[in-house]
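Among the features that Swiss-Prot reports, coiled coil is placed at 60-87, with the record citing sequence analysis. For 436-445, the entry in Swiss-Prot reads compositional bias 'Basic and acidic residues'. The domain 'LisH' feature in Swiss-Prot is assigned to 9-41; the stated evidence is sequence analysis. The annotation repeat 'WD 1' is assigned in Swiss-Prot to 113-152. Per Swiss-Prot, the feature repeat 'WD 2' maps to 155-196. Look at Swiss-Prot and you will find 292-352 tagged as repeat 'WD 5'. Annotation comment: Swiss-Prot describes 398-440 as repeat 'WD 7'.
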Amino acid sequence: MSQLLTSRQAEELHKSMIAYLNSANLLHSAATLREELDIGESFDSATSKKYEGLLEKKWTSVVRLQKKIMDLESRNAALQSEIDNATPTSLSNRNTDPTAWLPKSPARHNLQSHREAITCVAFHPVFSSLASGSEDCTIKIWDWELGELELTVKGHTRAVLDVDFGGPRGGTLLASCSSDLTIKLWDPSDQYKNIRTLPGHDHSVSAVRFIPSGAAGSPSSGNLLVSASRDKTLRIWDVSTGYCVKTVRGHADWVRDVAPSYDGRWLLSAGVDQTARIWDASSGEPKATLLGHENTIECCVFAPPASYPHLAAMAGLKKPPAASSSAEYIATGARDKSIRIWDARGTLIKTLIGHDNWIRALVFHPGGKYLLSVADDRTLRCWDLAQEGKCVKTISDAHGHFVSCMRWAPSVIKDAPLLNGENGVGTPIKNGNGATKKEDAKGSDIDCTSLMPQIPSI
């Protein structure tokens, strides 16, 4: 013992042992130990009280440290195994090419608080905040970096069907829409206070998106919002006044989804009538109608310019469109279990088959090479556009139930998180740049799959 402990440490250990024996009412043993250690009358009741409980604290600390060591050893072994199984090329790509990074299991966080199915998720454009909407009529705000609930926002009287962050520069707002026929605007800078309610739709409002600044006819940059409804219409709103500035008609049934182009010039909508439609955002006039799906189209998205080289090659073109063009290619996902890629004239380029149930959400990878999808088959799939849309990765354990939504955070590639959601009660956040939402029959989760590229790792 003298080789391991200093004289002071040895003295404290001896006194702790004696104090422990006294507290255990083993007085004879305590006296014997004092005699053997030559600890005299200086060890009085005050000294005994000082050292009482110290031995137990040291013991429990050792147990905690042993557990921590075991956990770290297990994590180290898993990381070593990953390194051993990786090729030099894959390691190089992981460390130098975030544009090729793809999500993987396990989830980083599992966020639980909703009491019914989660229907939608959205990232704050600046802060590490994540909003989730649910059939329990609430919106919950989470810190997706910490995996903690920050706030529950109440106001809707029926299921919240979609949420989106946006608004004028320097004045970010949260918009939500609901089966209660309303759209509500919330102020993140004031504890998500409800600052405006937009009535006008005649049925459930299924989707809502801020239109990026630059749209022709915008009364003020960043002030436009578009909504899609079961009343078969799209409506464009001025969030500064709350007025509906345009109603767009053309769909023959429920409009399930709407997406603006990156410059705000075009709108893409899709719905139960099995069509996707491209509209001029300033005039509301149709540009193209996409026909081919055999069931309800659940989701639609414009391809970013970074995807143009891959999609142009897939379409058989020698030269991709100019990056300044914002509505050249489109992807749609439907209840016919297929994903279809189109050009802006409505020509079908490719049909991607692989999901076993309804396609619920699509996002293009910020690097442009991949298209990611989630579906009611509980999977997240990654399609390589440079390989004719080949499915190069499937996360089969993304959720324990239907995966109902997915979003990629509006950020630079190295920071951009992805979020997808499901009918359940928890939210796993996966290592990477994004988030996913998971739900089961007992409640609602948000599976925030933070799909961050490995540079830097978090």
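Using N, Cα and C of the backbone, Cβ positions are placed for all residues, glycine too.
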I'd like the per-state residue tally for the repeat 'WD 2' (155-196) from DSSP, helix first, then strand, then coil.
3 helix, 22 strand, 17 coil
Hey, which bits of the same chain come close to the repeat 'WD 2' (155-196), Cβ under 8 Å, at least six residues off its ends?
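Beyond its ends, the repeat 'WD 2' (155-196) has Cβ neighbours at 116, 119-127, 129, 131-139, 141, 202-210, 212-213, 220-223, 225, 227, 237, 239-240, 242.
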By DSSP assignment, list the helix, strand and coil residue numbers for the repeat 'WD 5' (292-352), in that order.
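Breakdown, helix to coil: 10 helix, 23 strand, 28 coil.
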Summarise the repeat 'WD 1' (113-152) as counts of helix, strand and coil residues per DSSP.
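Summed by class, the stretch gives 0 helix, 23 strand, 17 coil.
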DSSP-wise, what's the residue breakdown of the domain 'LisH' (9-41) into helix, strand and coil?
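Secondary-structure breakdown of the domain 'LisH' (9-41): 26 helix, 0 strand, 7 coil.
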